[in-house]
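The transmembrane segment annotation in TrEMBL covers 71-89, 109-130, 142-161, 167-184, 196-215, 248-271, 292-312, 332-353, 365-385, 433-451, 463-484, 496-517 (among others).
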Amino acid sequence: MASSSFLTGERAVVALFISRIVFSVPQSLLSESLSLSLLSLLALSVEISVDASSSVPLSHFFKTRPGASSGIFLGAVTLPGVMVSKLIQMSRAVSSNQSGSEELEILQLLYWVTSASCYTVLASLCFIFYQQSDCKNCATSRCSSSCIALYFVVCCVSFAVKSHSGWYTAAILLWLFSHGYAAVKLIQNILHTFPACASIGEALLVTVGLVIYFGDMLACTAAKSHGYFTASKLVTVPYGIQRSEVSVIIQGLIIGLLLFPMLFKYMLQFLERVSLASSRDTADNHMRRSCVFYISLVGVLIIAVPSWMQLVQDFHVHPFLWVLDFVLSEPLKRLSLCIYWLVVIYVSVIRFYNISNSSKIERILLRKYYHLMAVSMFVPALILQPKFLDLAFGAALAVFLMLEIIRIWRIWPLGQLVHQFMNAFTDHRDTDLLVVSHFSLLLGCALPIWLSSGFNDRPLAPFAGILSLGIGDTMASVVGYKYGVLRWSKTGKKTIEGTAAGITSVLAACSILLPLLATTRYVQNWFSLLFAVTISGLLEAYTAQLDNAFIPLVFYSLLCL
């Protein structure tokens with residue numbers, strides 16, 4: 001019984017994913033490879049302990065999404081795996097003199113920030129779980145303790161070798177584990193604020209991504225504003241490299257919107273204290289809250305966020321005016337793309353919304369039409385206007401964030417309308433508290449493209465999200481639902497026929513794309529491509545996590561190799 005619970009399909013696929021990355025690492029990245037292996041062992045041991053425990057179930061600590069496994073192994077290794085794949089890719093650029101060592105250094109620091117954040121969250125889970133369980137002396141407990149100690153040693157040695165200054169090593173370690181502390185606090189806050197909305201693995205992926213994004217913002221701001229403290233200078237030197245205007249605009253806009261709900265909450269609390277109104281449910285209070293919301297939102301987007309953008313980047317005009325000038329610099333191509341996108345979105349949304357209200361078609365099939373819509377929208381733009389597509393993804397994500405904030409807070413007059421509209425396309429992974437499916441689809445397509453900015457010697461890598469979600473996941477669902485007979489497991493719904501259709505369709509799409517992208521001298525290794533497509537297809541078949549979030553990152557990592 002223990003062996004059967006240990007050898008799950010998801011764990012086997014994730015182990016193959018990590019093994020492929022580790023065995024591809026050059027000797028110059030040996031410490032990163034070793035730390036990734038230790039992190040994987042730690043995550044696997046924690047997941048086995050949590051899933052196998054009968055005395056202290058996971059729900060004793062956190063209320064996670066029903067029907068999903070803990071997902072700790074997958075959630076903990078995905079982003080570190082992506083970073084190591086990027087390091088392997090960047091090391092090729094440095095060795096061929098196509099890029100400087102500065103970019104490799106910042107990627108290495110970002111990898112250690114990512115892995116340290118995952119490591120600290122896992123260590124906190126170990127501490128919480130083992131304090132309440134009866135397996136303090138079991139094999140998984142000893143394995144976890146050994147991995148934690150060895151990881152810390154590898155981290156210290158790695159930075160000590162790069163510098164003879166003990167002060168520098170101490171400053172770096174403090175910088176890394178301040179991210180880890182922030183990750184621990186953030187994941188606890190996410191799981192308690194949005195109960196039953198995510199598994200541990202999904203929350204860990206989101207948490208580490210947000211910590212990296214916010215930490216990068218703080219370090220970049222400190223580097224640009226010439227911080228006064230020596231430790232700050234030592235840590236933030238790599239963050240002072242030049243960034244593109246598009247990346248700064250996207251980062252400022254997204255972070256501003258993520259911080260906005262906290263600002264709005266504090267403003268409401270302040271108004272409630274000074275207000276003389278006796279009831280909080282009156283129409284006047286709802287109108288006043290809506291007015292405060294829109295006024296503060298405009299203030300954040302027009303004043304606060306652009307001020308930060310101009311601090312870290314030399315915009316000679318207001319950043320949003322720079323965006324307008326950027327769009328109009330090639331009006332025929334970019335405005336035509338905007339019109340094309342608006343027409344596709346309007347026609348598709350109206351039609352699918354009417355179908356969802358009047359037809360008995362399965363919602364899972366209806367949702368896959370949006371995956372196909374993403375292919376029709378993003379593939380032409382990625383081939384013809386990749387830089388403009390980067391900006392468009394940021395704008396779309398900002399709109400989604402604003403609408404979700406309005407929906408959650410039920411801001412008049414759009415809150416209830418947005419809530420009713422979104423309910424037409426939700427599934428078992430969405431709740432009234434938080435709707436995540438549209439975010440995961442958008443980010444699943446956008447992240448491989450954003451990660452491919454700069455040096456990229458693998459032409460298929462930016463298409464990882466579009467291919468895996470728009471084509472592979474769609475074909476797997478449609479074929480599996482209509483023709484699937486042989487199931488991967490007795491309790492699951494995924495079929496072998498659907499997985500085979502998804503893998504075959506992605507390979508066919510790659511064979512069509514490669515001649516269109518034949519602008520580089522890179523010759524595709526079809527065995528490596530088959531391995532990458534197969535692993536991502538099997539992950540879609542076996543995982544109970546939010547596949548739109550994990551599959552594109554896993555596929556992208558393997559394509560970078």
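Just so you know, glycine gets a Cβ as well, placed from its N, Cα and C.
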Are there at least 3 C-beta pairs under 8 angstroms linking the transmembrane segment (196-215) and the transmembrane segment (433-451), leaving out pairs fewer than 6 apart in sequence? yes
Tertiary contacts of the transmembrane segment (332-353), defined by C-beta under 8 angstroms and 6+ residue spacing from its ends, are 366, 369-370, 373, 376-377, 380-381, 384-385, 388, 392, 421, 424-425
The recorded stretch from 71-89, 167-184, 196-215, 248-271 sharing the largest number of CB pairs under 8 A with the transmembrane segment (109-130) is 167-184
Under 8 Å Cβ-Cβ from the transmembrane segment (196-215), and at least six residues away from its ends along the same chain, one finds 50, 58, 62-66, 68-76, 78-79, 110, 113-114, 117-118, 121, 125, 179, 182-183, 186-187, 190, 251, 254-255, 258, 431, 433-434, 436, 544-546, 549-550
The answer for the transmembrane segment (365-385), taking Cβ pairs under 8 Å and residues 6+ beyond its ends, is 330, 333-334, 337, 340-341, 344-345, 348, 352, 355-356, 392, 425, 427, 437, 441, 445, 449, 462-463, 466, 469-471, 473-474, 477-478, 481, 516-517
